[in-house]
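Visitor: Found this in TrEMBL, in case it helps:
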- 7-89: domain 'Shikimate dehydrogenase substrate binding N-terminal' (DOMAIN)
- Ser15, Arg16, Ser17, Thr62, Asn87, Asp102, Tyr218, Gln246: shikimate binding site (BINDING)
- Lys66: active site, proton acceptor (ACT_SITE)
- Gly127, Ala128, Gly129, Gly130, Ala131, Ile216, Gly239: NADP(+) binding site (BINDING)
- 239-267: domain 'SDH C-terminal' (DOMAIN)
Amino acid sequence: MTLLAGVIGDPIAHSRSPRLHGHWLRRYGIDGHYVPLHVRADDLEATLALLPRLGFRGINVTIPHKEAVFALADETTARARAVGAANTLTFQEGRILADNTDGYGFTANLAQGAGHRDVRAPAFVLGAGGAARGVIAALLDEGAAHVTLTNRSADRAEALAALFGDRVTTVPWIDAAQALPGHGLLVNTTSLGMTGKPPLDLDLAGLDPSATVTDIVYTPLETPLLAAARARGHPVVDGLGMLLHQAVPGFHAWFGAEPRVDEALRAAVLA
Ligand SMILES: NC(=O)c1ccc[n+]([C@@H]2O[C@H](COP(=O)([O-])OP(=O)(O)OC[C@H]3O[C@@H](n4cnc5c(N)ncnc54)[C@H](OP(=O)(O)O)[C@@H]3O)[C@@H](O)[C@H]2O)c1
């Protein structure tokens, strides 16, 4: 039987997920297809009812449906509840199971690119948007002792920190550079540094020389932040691996193989 899965979003044409899953399907010789589906908000509920009846095993979910599918699911994982949104749905016996693998993708990428020590280091996180929530939840889940959070809009940083208790504290955006000492990991989760956006303007002089710097922005692969960190000798981890690793649990659930994230996959997705 040909196995079916896909990704829904609005827009969807930019999604790299079909290329990613397509590479794994070919590599593991699986009789399956992974298709991009343009789904508007008005059609979301009907689509979720129809796809399992058409034979889909599950789907990835991207902007703007991640919160809506979480609310429509029959079952949710703890890591989806920690974020209040889902990016991976599995259809099982008429039920929808919702997971959120973004935070897992982030820590798995960090562990592969730097090491497990970095995942548990005191972390300094820039940004308090949707991605930051998953990143912080995953870092704490992996045993990070403390997370310092800063965001341009202070109220968003405080609201996010409040969800996690006293392991997450905030500092004002303008004080970020002075607050860097003592952290073993620096994470950019803002959209600054993305192609078409201004760079993140942060003086890294106060950062411990051994601290790892990672960016979840991956267009360009080497953001100005990562270039500055590399020039100062910091270990750096780019954001593409987060996208690759977040896809692993879904592929495994729908197609039955535990896929590998490696250079061949990176090359296929970047091609
Ligand atoms: N690698 C991956 O797999 C992956 C996964 C998810 C997301 N991402 C990337 O991560 C980035 C953030 O995604 P998101 O979903 O969290 O977006 P979001 O919810 O819209 O949050 C955007 C964040 O960027 C900050 N920001 C935007 N413009 C800024 C500026 N000019 N100065 C200072 N801060 C600014 C926002 O601060 P305010 O609160 O002050 O507006 C907020 O913290 C995007 O570039 C996205 O492509 C990558």
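The backbone N, Cα and C atoms fix where each Cβ goes, glycine too.
Source: prediction; values computed, not measured.
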Visitor: In sequence order, which same-chain residues at least six apart have a C-beta under 8 angstroms from Asp102 (shikimate binding site)?
Guide: Val83, Asn87, Ala131, Gly134, Val135, Ala138, Met242, Gln246
Visitor: Any residues 6+ beyond the ends of the domain 'SDH C-terminal' (239-267) with a Cβ under 8 Å from its own?
Guide: 3, 5, 16-17, 20-21, 23-25, 27-28, 30, 32, 57-58, 60, 87-88, 90, 99, 101-102, 104-106, 108-109, 112-113, 214-218, 221, 223
Visitor: Running a distance check here. Ligand 1 versus the binding-site residues Arg16, Gly130, Ala131: which have CB less than 6 Å from one of its atoms?
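Guide: If the test is a Cβ under 6 Å from any atom of ligand 1, the answer is Gly130, Ala131.
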Visitor: Look at each of the binding-site residues, Arg16, Ile216, and point out the one with the fewest other Cβ atoms around it within 10 Å.
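Guide: Counting other Cβ atoms within 10 Å of each of the binding-site residues Arg16, Ile216, the minimum falls on Arg16.
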Visitor: Could you check what DSSP calls Gly130 (NADP(+) binding site) once collapsed to helix, strand or coil?
Guide: helix
Visitor: Please identify which of Ser17, Asn87 has the densest Cβ environment, defined as other Cβ atoms within 10 Å, among these binding-site residues.
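Guide: Sorting the candidates by Cβ neighbours within 10 Å, the top entry is Asn87.
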Visitor: Which secondary structure state does DSSP assign to Thr62 (shikimate binding site), in the simple three-class scheme?
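Guide: DSSP call for Thr62 (shikimate binding site): coil, neither helix nor strand.
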